[in-house]
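For reference, the structure is listed below as structure tokens.
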């Protein structure tokens, strides 16, 4: 058969990294990325890009750990290369603090990040409202640099990118052999997934270059994540809220909360407000599906529903998706060679 054609729908961190993994694992495949939004207008552009996993209740822990480990290793390699600055990837140390000691003092990812340990009494003095904490070094991807770096890698390998609103996967049937659904929250309409819901996140991006360490409240509601150029202050987790309009009351609340754990932030300048909808469900949907219409078939691979954990596991889920795409292509090539016989 002719070179198989794959379309990846979605150009956030999941879509772009999945396209790159398909190119790497199926070099004979022609890949096109289709999306109505590219950086800097994707949900991923709002994310802080911190590698601190958020547990997905419906995905087995050993699977989540594998995805996180693969992602951490991949980004750690980039952070040690000459491309680290362009890709916006850097190591960052800091603290996760708790008002009460958590039931689980060693999270499943503690041996993947670097130097994980309990905080000392001296460190905890910085946070008088908190009685327990963990210190570690992890990685951070700055957006949009990381998305632009992925786009550049894809273009260099001949991947096409088209701005296109896909309303129904079936409309791609005549053009592509395999369609990969990385539509994020868009999958709610695209494939009518009622199990997918938005968790609205509002964050502030501020200029505070003196803040060097990340600080995350253990419940995940308040966090301070320094990037290369700006510090991300958060946040909110508003389930089933579809609004993309910033709320001024929420902006004040986030700023006050962050200043309460890092008072130097009162001097932060140039505050920009961003809102994104985390594509959340009980478990990441990562599976093959065959759509049928009037005797015709379309091979689809889904990779969406990462919630707040997209950056922490993007490379791991992209690799698994690319493997499934390879299986689809092998099945197509097998059926076409049988047809010739």
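Cβ from N, Cα, C; glycine included.
According to TrEMBL, the protein has these features:
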{"type": "BINDING", "residues": "43, 44, 166", "note": "FAD binding site"}
{"type": "BINDING", "residues": "223, 278", "note": "D-dopa binding site"}
{"type": "DOMAIN", "residues": "6-324", "note": "domain 'FAD dependent oxidoreductase'"}
{"type": "SIGNAL", "residues": "1-19", "note": "signal peptide"}
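Structural mapping of features recorded in TrEMBL.
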| residue | record | Cβ contacts under 8 Å, 6 or more apart |
| --- | --- | --- |
| 43 | FAD binding site | 12, 184, 185, 276, 277, 278, 279 |
| 44 | FAD binding site | 12, 13, 14, 143, 147, 310, 311 |
| 166 | FAD binding site | 9, 34, 36, 172, 183, 190 |
| 223 | D-dopa binding site | 48, 50, 214, 215, 216, 217, 232, 233, 234, 235, 258 |
Using a Cβ-Cβ cut-off of under 8 Å, list the residues of the same chain that are 6+ residues beyond the ends of the signal peptide (1-19) and lie near it.
26, 28-35, 37-39, 42-44, 47, 49, 141, 143, 146-147, 150-151, 154, 159, 161, 166, 169, 172, 175-184, 186, 190, 303-304, 306, 310-311, 314-315, 317-318, 321-322, 325, 329, 332-333, 336-337
How many other Cβ atoms are found within 10 Å of the Cβ atom of residue 278 (D-dopa binding site), counting all protein chains shown?
24
